[in-house]
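A.B. asks: Sharing a structure here in structure tokens format.
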Amino acid sequence: MAKVLVLYYSSYGHVETMAQHVAEGAKSVPGVEVTLKRVPETIPVDQAKAIGVKVDQAAPVATVDELANYDAIIFGTPTRFGNMAGQMRTFLDQTGGLWMKGALVGKIGSVFASTGTQHGGQETTITSFHTTLLHHGMVIVGVPYACSGLVDMKEITGGTPYGATTLAGADGSRQPSANELDIARYQGKHVAQLAAKLAA
């Protein structure tokens with residue numbers, strides 16, 4: 001049975017919502033075991049609460065060593081100046097031991113993201129994230145244009161061939177749209193299907 005991990009960091013809940021839908025899509029594939037986890041928060045709890053960070057997320061916190069247990073990992077992160085969030089970077093910077101052992105070589109890696117604005121770095125966040133995955137020897141999977149939501153021109157929407165995205169708005173008030181969640185589910189399903197084939 002293929003094992004898929006959806007691993008995310010979310011400050012205000014947007015990436016958390018996307019992660020839940022990515023996991024839902026992955027779970028729709030028979031013969032795949034899906035786990036949803038988050039990386040540790042690095043901001044002290046009192047400070048995090050003071051700035052509105054959602055500290056009560058249900059997903060358990062992952063450990064670095066467990067990454068080797070999965071056939072595919074779908075990472076989710078908000079954007080920080082066109083790059084992944086510091087919390088995700090801190091977590092991945094602890095994977096040197098896995099790299100030394102080649103523990104992630106040949107496993108699928110995929111990324112989804114959230115940005116504050118339409119041109120806030122959603123694509124560069126994902127493609128710069130890919131650099132770390134390539135150093136680990138992972139096989140990168142995005143969202144193919146077979147996903148019709150990528151060409152939706154009826155509304156302002158996230159979604160790229162590099163991975164699902166959502167636009168949170170400058171004040172964080174915009175929640176993931178139906179189209180963005182559809183793309184997230186598609187990404188989860190697509191990765192899970194490929195993981196199942198590789199694990200067969």
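A Cβ is built for glycine as well, from the same backbone N, Cα and C atoms used for every other residue.
Straight from Swiss-Prot, here's the annotation block:
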DOMAIN    4-191  domain 'Flavodoxin-like'
BINDING   10-15, 79-81, 114-120, H135  FMN binding site
BINDING   Y12  NAD(+) binding site
BINDING   W99  substrate binding site
A.B. asks: Within 10 Å of each Cβ, count the other Cβ atoms, then let me know which of the binding-site residues G13, G120 comes out lowest.
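C.D. replies: Checked G13, G120; of these binding-site residues, fewest Cβ neighbours within 10 Å: G13.
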A.B. asks: Note down the number of other Cβ atoms within 10 Å of the Cβ of W99 (substrate binding site), including every protein chain shown.
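C.D. replies: Result for W99 (substrate binding site): 14 neighbouring Cβ atoms inside 10 Å.
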A.B. asks: How many Å lie between the Cα of G120 (FMN binding site) and the Cα of Y12 (NAD(+) binding site)?
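C.D. replies: Roughly 17 Å, rounded to the nearest whole number.
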A.B. asks: Work out how many Å separate T117 (FMN binding site) and Y12 (NAD(+) binding site) at their Cα atoms, rounded off.
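C.D. replies: Between the alpha carbons of T117 (FMN binding site) and Y12 (NAD(+) binding site) there are 15 Å.
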A.B. asks: Within 10 Å of each Cβ, count the other Cβ atoms and name the one among the binding-site residues S10, T79, S114, T117 with the highest count.
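C.D. replies: Highest number of other Cβ atoms within 10 Å: S114.
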A.B. asks: In sequence order, what residues of the same chain, 6+ apart, have a Cβ less than 8 Å from the Cβ of the residue listed as 'NAD(+) binding site'?
C.D. replies: G52, V53, K54, A168, G172
A.B. asks: At the level of the C-alpha atoms, what whole-angstrom distance separates S10 (FMN binding site) and the residue listed as 'substrate binding site'?
C.D. replies: 25
A.B. asks: Can you work out the mean pLDDT of the predicted model over the domain 'Flavodoxin-like' (4-191)?
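C.D. replies: Mean per-residue confidence for the domain 'Flavodoxin-like' (4-191): 97 out of 100.
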A.B. asks: Can you tell me the CA-to-CA distance separating S114 (FMN binding site) and the residue listed as 'substrate binding site', as a whole number of Å?
C.D. replies: 27
A.B. asks: Provide the three-state secondary structure of Y12 (NAD(+) binding site) computed with DSSP.
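C.D. replies: Once the DSSP labels are grouped into three classes, Y12 (NAD(+) binding site) ends up as coil.
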A.B. asks: Work out how many Å separate W99 (substrate binding site) and G13 (FMN binding site) at their Cα atoms, rounded off.
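C.D. replies: G13 (FMN binding site) has its Cα 30 Å from the Cα of W99 (substrate binding site).
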A.B. asks: Could you tell me which three-state DSSP class T117 (FMN binding site) falls into?
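C.D. replies: The residue in question, T117 (FMN binding site), is coil (DSSP, three-state).
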A.B. asks: Check W99 (substrate binding site) against DSSP and tell me helix, strand or coil, would you?
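C.D. replies: SS state of W99 (substrate binding site) = helix.
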